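Student: Before we start, here is the structure in question, set down as structure tokens.
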Amino acid sequence: MKVKTIMLLFQILAISTIKSADVPNRYIQENVAVRGKATQSTLPSGAGAVLSLPGFAIDGNRDSDFSHGSCSHTTNSPNPWWRVDLLQLYTITSVTITNRGDCCGERISGARILIGNSLENNGINNPACSVIGSMETGETRTFHCPQPMIGRYVTVYLPKTEVLQLCEVEVNALLPVN
């Protein structure tokens, strides 16, 4: 156990000095969100609830049409958030988000992508990887962290009263090549 812990610390130190665009040869980037469990601040009620589940944002499907059942969707509420528990620590370099494509693309403006190990305040107190200034309706964009970040929880937090809708969230982590 001590050897594994020491090796993990050396790996963390080695990759903490690289920028997200510079992936060392002994590592690959992989979307680890599909392995996780998603939750969100609220769920719509009624017929729309079945199309709004938080897990739809990590199903590996970038379909941006809400009616196709591959997007998460909160209610219109103050400070909505969506979070994926990656179930273990990862070194995260970037997060790729697909915005809703059939309407309302402007709703995501100002959202913050937060990464860390704390669930305090629903993960909103974790450090920021990036802020979404604006996105086109249906756009898929990768947001690079200024440096690799180690964390278990990735939260998308919208600091205003609005609906938060995410059609895909991909968490790009460095994994050692075996």
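One is the number of the first residue shown, and numbering goes on along the chain from there.
Cβ from N, Cα, C; glycine included.
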Student: Tell me which of Cys129, Cys167 Swiss-Prot records as disulfide-bonded to Cys145.
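Tutor: Going by Swiss-Prot, Cys145 is disulfide-bonded to Cys129.
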Student: Based on Swiss-Prot, name the residue from Ser45, Ser70, Ser72 that is recorded for the same Ca(2+) site as Asp59, Asn61, Cys167, Glu168.
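Tutor: Among Ser45, Ser70, Ser72, only Ser70 appears alongside Asp59, Asn61, Cys167, Glu168 as Ca(2+)-binding in Swiss-Prot.
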Student: Of the listed cysteines Cys71, Cys104, which one does Swiss-Prot record as disulfide-linked to Cys103?
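Tutor: Recorded disulfide partner of Cys103 in Swiss-Prot: Cys104.
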Student: Same chain, not part of His73, Arg100, Arg107: whose C-beta falls within 8 angstroms of the C-beta centre of the alpha-L-fucose site? Give them in sequence order.
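Tutor: Near the alpha-L-fucose site, beyond His73, Arg100, Arg107, sit Phe66, Cys71, Asn99, Cys103, Cys104, Ile108, Val163, Leu164, Gln165, Leu166, Cys167.
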Student: Within 8 Å of the centroid of the Cβ atoms of Asp59, Asn61, Ser70, Cys167, Glu168, which other residues of that chain place their own Cβ, given that this set defines the recorded Ca(2+) site?
Tutor: Phe56, Ala57, Ile58, Gly60, Arg62, Asp63, Ser64, Cys71, Thr98
Student: According to DSSP, which of helix, strand or coil covers Arg107 (alpha-L-fucose binding site)?
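Tutor: It is helical.
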Student: Using CB atoms and a 10 A radius, I'd like the single residue among the binding-site residues Asn61, Ser70 with the highest neighbour count.
Tutor: Ser70
Student: Just report the maximum Cα pair distance in Å for the recorded alpha-L-fucose binders His73, Arg100, Arg107, no decimals.
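Tutor: Those residues reach a largest Cα separation of 11 Å.
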